[in-house]
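Colleague: Not my notes, these are from TrEMBL:
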- 257-284: coiled coil (COILED)
- 21-65: domain 'RING-type' (DOMAIN)
- 102-149: domain 'B box-type' (DOMAIN)
- 165-206: domain 'B box-type' (DOMAIN)
Ligand SMILES: [Zn+2]
Ligand SMILES: [Zn+2]
Ligand SMILES: [Zn+2]
Ligand SMILES: [Zn+2]
Ligand SMILES: [Zn+2]
Ligand SMILES: [Zn+2]
């Protein structure tokens, strides 16, 4: 049980993303690397090219839309991603060890299709019981390091894919390993090429070139991290500024509402005040009208009574009596003729309201002639009188 956990934990450490092609969602088969660093199966890329532009010289990455230029025989000439192939190989092997308890693994040293029981780390082969015995018999192989499948399962030793040790051969000299780095051409070459084609170029050994490359990568990784931090800081600042905006937005809205409520209250107070004032004035004026009316009614009644009395007297009295009372009658009647009705000034029928800019407004209780005179033309009656005057003046001079 403990051994299984170890292998399992190895598997869990490997992200599924690194094993799966995002086109076919299967584990990588002959993964090829695009310029954008995304990898896909050779066959998937070939199908992709058919769907994009079969005769074109570029391929668009389905993940990031970046272009990769194709050279030579197209997709097949794209660089292999051996690291991913090796990882798929190793994980697949670990799974076989774990799930089938090794029963599916066959001997790679003979053609007997025997079940493998161990692995020779020097030959990089799984061995059946027979081949393992043969290893022990042969002098050359006696020193080989052999682990049982159980040992591999326990994690005591880890299966390493042969792909990791593969040294690529020179395209021009197939028997030569690529073992020199040309700094001028920025490519890995073989010894023969270094002498024939790159003699005057700056050359380095592979370990030195790899160290240099790793240093450059590290430098750029640091810079990329720094710019990532900068971006994150910017995001943080933006979100803080955004929060600030939200706060002032809310505060400003509150201010507007508060002021509006205050204005409404103030306007209501002004309305109340003006209303009270105009009510008072209206009451005063109606009183004046009522008083004037009452006065006149009283005089009418008095006149009526007096006329009744006069009529009664003149009807009933003899001519002597009438003549005798003549002075009193005429005096009483002449008293009635001088009665003046109580007038109410016209201006009491005028009232208006003028809207204010800062306040609700004010009451206007008398017509304001100044403003009116300025705008309206002279009254016609006045003009007519002036015409008449000039007419008389003309007659005089004649
Ligand atoms: Zn694929
Ligand atoms: Zn990409
Ligand atoms: Zn065998
Ligand atoms: Zn061996
Ligand atoms: Zn070169
Ligand atoms: Zn070469």
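Just so you know, glycine gets a Cβ as well, placed from its N, Cα and C.
Curation plays no part in TrEMBL annotations; they are all automatic predictions.
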Colleague: Taking a Cβ cut-off under 8 Å, which residues six or more beyond the ends of the coiled coil (257-284) line up next to it in the same chain?
Modeller: 351, 353, 359-363, 365
Colleague: Check the domain 'RING-type' (21-65) for me and report the mean pLDDT.
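Modeller: Computed over the domain 'RING-type' (21-65), the mean pLDDT is 93 on the 0 to 100 scale.
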